[in-house]
Structures are given as C-alpha cells and as structure tokens.
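A.B. asks: Below is a structure I'd like to ask you about.
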Amino acid sequence: MLKQVEIFTDGSCLGNPGPGGYGAIMRYRQHEKTFSAGYRLTTNNRMELMAAIVALEALKEHCEVVLSTDSQYVRQGITQWIHNWKKRGWKTAEKKPVKNVDLWQRLDAALGQHKIKWEWVKGHAGHPENERCDELARAAASHPTQDDIGYQPES
C-alpha cells in the first residue's frame, strides 16, 4: 500500500516580476516538513510551480499524494493543459512556446509514479496550511538568496 502524503503549497512575488519565494508543507501521519526559498527576480507563477516541484522531488518513494494549491495556473496546467503541450512539443494551441517550460518539464518529471490528487483551495481564506505556506513564501521573498536561472523576462 502506498504511503498517503499531504502537500500544501504557495508562491509569492513582491512585484510580478520581482523578488519571489515559495513555501510548502509536506505531511505524512504526524511528521511534517517545510520547504521555502527566495529568488531575487522571478514571477508568482514560477514560485507556485517551484513549491509543488520541491515538495514532490523530496518524496523518496512512490506515494499517494493530495496536493493542495491556491494556484489555478498550476492545477489547470497539470490536470488539463500539460498533455496537449507535450503532444505539441511544449507549444500552446497558438503554437507559441509554453511559458515556464523549464518548470513544467521539471514538475512533469517529479510526478514520477506517484498517484496525485490536485486540490484547489481559495487563497487568503483562512485555510490554515495555505496561510502557513503563504507566510513561508512571503518571508522567503523578503530575503531572496537565489537567482531564478530559468526566468525569462517578457519581451
């Protein structure tokens, strides 16, 4: 039987683009681990993706995961859009390159053999874990230590 893990994620950006951060909480039974990091220049969507990626990459074995995010971009991207993006060689229906393709590919790889249920939670609505992730993300964004290598400013 697969381990049942809960993951909660959030991303934050002080300006968009601007300094950003992500926060994630992973829970297995009574054990909890938090993740966060801040980047000097990035976007909110990239930080939302990073939160999910980092938490999923931390799983050491195949798990059954409920991943809660307040990002419709992440949830819809992974449940509705990614299949066609991959079929089209990471292009949108308009034949344009998928934005944040580096992170979508990394998230796709991080899914591995996990059984994942993607849940959307309303942000800033009192959901305790989402509020904690938001605090982690905002604190990390306030003290960025890393460069977001894949960030490409819009031209």
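Keep in mind that glycine also has a Cβ here, set from the backbone N, Cα and C atoms.
Residues annotated as Mg(2+) 1 binding site in Swiss-Prot: ASP10, GLU48, ASP70. Summarising the annotation, Swiss-Prot assigns Mg(2+) 2 binding site to ASP10, ASP134. Summarising the annotation, Swiss-Prot assigns domain 'RNase H type-1' to 1-142.
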A.B. asks: CA-CA, which of the binding-site residues ASP10, GLU48, ASP70 lies nearest ASP134 (Mg(2+) 2 binding site)?
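C.D. replies: Ranked by Cα distance from ASP134 (Mg(2+) 2 binding site), first place goes to ASP10.
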A.B. asks: Highest Cβ count within 10 Å among the binding-site residues ASP10, GLU48, ASP70, ASP134: which residue is it?
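C.D. replies: Of ASP10, GLU48, ASP70, ASP134, the one with the most crowded Cβ is ASP10.
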A.B. asks: If H, G and I count as helix, E and B as strand, and all else as coil, what does DSSP give for ASP70 (Mg(2+) 1 binding site)?
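C.D. replies: ASP70 (Mg(2+) 1 binding site) sits in coil per DSSP, no helix or strand.
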A.B. asks: Where does ASP134 (Mg(2+) 2 binding site) sit by DSSP, helix, strand or coil?
C.D. replies: helix
